[in-house]
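The ATP binding site annotation in Swiss-Prot covers GLY8, ARG11, ARG91, ARG137, ARG140 and is backed by sequence analysis. What Swiss-Prot records for GLY8, ARG11, ARG91, ARG137, ARG140 is CTP binding site. According to Swiss-Prot, the Mg(2+) binding site annotation covers ASP21, ASP23. The domain 'HD' annotation in Swiss-Prot covers 228-329.
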Amino acid sequence: MKIYLVGGAVRDALLGLPVKDKDWVVVGATPQEMLDAGYQQVGRDFPVFLHPQTHEEYALARTERKSGSGYTGFTCYAAPDVTLEADLQRRDLTINALARDDDGQIIDPYHGRRDLEARLLRHVSPAFGEDPLRVLRVARFAARYAHLSFRIADETLALMREMTAAGELEHLTQERVWKETENALTTRNPQVYFQVLRDCGALRVLFPEIDALFGVPAPAKWHPEIDTGVHTLMTLSMAAMLSPQLDVRFATLCHDLGKGLTPKNLWPRHHGHGPAGVKLVEQLCQRLRVPNDLRDLAKLVAEYHDLIHTFPILQPKTIVKLFDAIDAWRKPQRVEQIALTSEADVRGRTGFEASDYPQGRWLREAWQVAQAVPTKEVVEAGFKGIEIREELTKRRIAAVASWKEKRCPNPAN
């Protein structure tokens, strides 16, 4: 029995990155030998065991053979005669087909170290084309390592295009699509994930609402980048710089979906695109089974992001109504989230990346003023039932009006 550290732990150690999860491959052992050594079996489809002390995963070396459609259509063979090289060959990318033995020696039969040094994401073998989930995984790796200047090998991107054109991605479950997308959205450069999917044709298949934005123009005065799809990826990049929150990043991605519905004869203007985009956000989220809290924020951002941009001319009554509409009294975090998505929208434009966004500060300040109005005083003043809400709203409007006159006066007055 020989044990090797494999995959991501070896890759990240060679890149000088923190190693999070460790996976191990066991060569020359049977399931019974693992159980006798105190390991606990957890794998149903193939033999995976938990170490009795560390609880890290130890898998028996195995090979896979395509036996059906999609990413689940594989037959696994695990036995003591399966070599380490055979196990590594079934992996997706050469940089993930690395192993390290007990002496610290790197086993690299598929030239993963060379590709690490060249900053290349390259598939190990033609078997890559048998698993459509790998298209999304490579896109996610491209996003994860974009800051290290990794790129996808030409032949790998060509294979991803072939897989997409052959309809392989249609076998993916929506849950798996969302899981990969969720992970990609938390990387340093989530926009790269969507750009890669577009480059291989997968964006049109998996995210038609986003793909439809490419080629849709916006007024050059406000959007020097012109193309709405390009702007969307720029805003996502900016959102990733502004916030680590998945909610903020996903909502930013969806903020302009309504522009894909604008009739061509009305281009480049997109009047009413915010409210129009809400149903597309709903559609995308329902299909991918996006969690409700992410969906709800994305719908609010789609509907109200343009309103935030006009903050100086908003009436105090409108500002308080906005807080009502986003349910800020029960979910105060939404004020900060919407301020960040709106800032990402403005700064996610060519030449505006370093712009100040005072509207975000004003929104936060107005919220502090409005929520500081004490409910207790309204109740103690004798108001009852629905009168409490009405009086509270009046006082909030008055407080915001007083603040706004000093801090953010209407330029038209």
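A Cβ is built for glycine as well, from the same backbone N, Cα and C atoms used for every other residue.
Least crowded of the binding-site residues (ASP21, ASP23), judged by neighbouring Cβ atoms within 10 Å of its own Cβ: ASP21. Taking CA atoms as the reference points, ARG91 (ATP binding site) and ASP23 (Mg(2+) binding site) are 13 Å apart. For ARG11 (ATP binding site), the same-chain residues that are 6 or more apart in sequence and have a Cβ closer than 8 Å to its Cβ are ILE95, ASN96, LEU98, GLY112, LEU116.
ARG91 (ATP binding site) falls within neither a helix nor a strand when secondary structure is assigned with DSSP, and so counts as coil. Around ARG140 (ATP binding site), taking its Cβ as the centre, 23 other Cβ atoms fall within 10 Å, counting all chains. Counting every protein chain shown, 18 other Cβ atoms lie within 10 Å of the Cβ of GLY8 (ATP binding site). In the three-state DSSP scheme, ARG11 (ATP binding site) falls into the helix class. ASP21 (Mg(2+) binding site) and ARG137 (ATP binding site) have their C-alpha atoms 17 Å apart, to the nearest angstrom. Taking the Cα atom of each, ARG137 (ATP binding site) and ASP23 (Mg(2+) binding site) are about 18 angstrom apart. Excluding GLY8, ARG11, ARG91, ARG137, ARG140, which define the CTP site, the same chain contributes GLY7, ASP92, LEU93, ILE95, ASN96, PHE141 within 8 Å (Cβ to the Cβ centroid), listed in sequence order.
The two recorded residues, ARG140 (ATP binding site) and ASP23 (Mg(2+) binding site), have Cα atoms 20 Å apart.
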